[in-house]
Amino acid sequence: MLKLSCNVTDSKLQRSLLFFSHSYRSDPVNFIRRRIVSCSQTKKTGLVPLRAVVSADQGSVVQGLATLADQLRLGSLTEDGLSYKEKFVVRSYEVGSNKTATVETIANLLQEVGCNHAQSVGFSTDGFATTTTMRKLHLIWVTARMHIEIYKYPAWGDVVEIETWCQSEGRIGTRRDWILKDSVTGEVTGRATSKWVMMNQDTRRLQKVSDDVRDEYLVFCPQEPRLAFPEENNRSLKKIPKLEDPAQYSMIGLKPRRADLDMNQHVNNVTYIGWVLESIPQEIVDTHELQVITLDYRRECQQDDVVDSLTTTTSEIGGTNGSATSGTQGHNDSQFLHLLRLSGDGQEINRGTTLWRKKPSS
């Protein structure tokens, strides 16, 4: 479905929606790419925002009021309809002791803008971007890999603009990328990319992305590959080796809180980031800030699981061709290898790497 939020009078709305419906039935793919629009309410006219939903099955049009969240959200699809941008104010509870956003805050914002992008093109709100076919077959998206590079952390009160888009990733998954900017200066302050795979919600087994599902979301993806990071020799593609015992640093017996479960009933992927950081040595936390984090998600973690976080220092890895960290690693940077595992049987939950740089002088 395609959602159009516009401020129009009833008569103008009827004429516009008839045109939209006819155009969509004639050529739905090109219609979506040409005609996605978003109009915000204006105080001058006092008109109420309306939402038009064009059905891909019948070409029918349903009119309804935009939600309050739609009206307040500072985000919209870009002009071509193939990516989504949203602005966020960094709040007091999203910063650490140095008054800058934490990496968990950044990861939560990435997740939020991704979900809002999915909603803006008509995907389900009862899960993470599920399509009609996915809901019929009880399928959900789960994170397979997350890679985040932060060049400059936003401070309390700063406004961050995040752009996101998704695209196909082979036959078994999809990819979502993000670019973060300072809303005032336009400076790129971070980039991220992720890989998602499909899971059956009942059996908890991975499943290939069917052509039906692919057809439902590809119309909202760039036709040509668009990547936040260049593909050649970049850190986001590097294979992560498994950390073997004995680890240099560890935090044993971590337990998920009820609040750590997401709407798909497993531990939210941002929680794993916090667990990984729990075993970073305090002297690094005091003098460095996280620059790059890459995580591979190996298995689900349930509410009753008990988790061990293991960390070991690793040798330097080469720069990231085209990314802001390329060629900037120096003797003041520190890199670590991480492993999250079940305390009981040692099953691997997550493996990762982090790169830390010296904190800027205040």
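Backbone N, Cα and C define each Cβ position, glycine as well.
Bear in mind that the values here come from a model prediction, so they are computed numbers and not experimental data.
The following features are taken from Swiss-Prot:
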- Asn264: active site (ACT_SITE)
- His266: active site (ACT_SITE)
- Cys301: active site (ACT_SITE)
- 315-331: compositional bias 'Polar residues' (COMPBIAS)
- 312-331: region 'Disordered' (REGION)
- 1-38: transit peptide (TRANSIT)
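DSSP classifies Cys301 (active site) as coil under the three-state reduction.
Cβ neighbour count for Cys301 (active site): 26 (other Cβ atoms within 10 Å of its Cβ, all protein chains included). Counting every protein chain shown, the Cβ of Asn264 (active site) has 16 other Cβ atoms within 10 Å. Residue density at His266 (active site): 20 other Cβ atoms are found within 10 A of its Cβ, drawing on all protein chains shown. Distance noted between the C-alpha atoms of His266 (active site) and Cys301 (active site) is 6 Å.
The DSSP secondary structure for Asn264 (active site) is coil.
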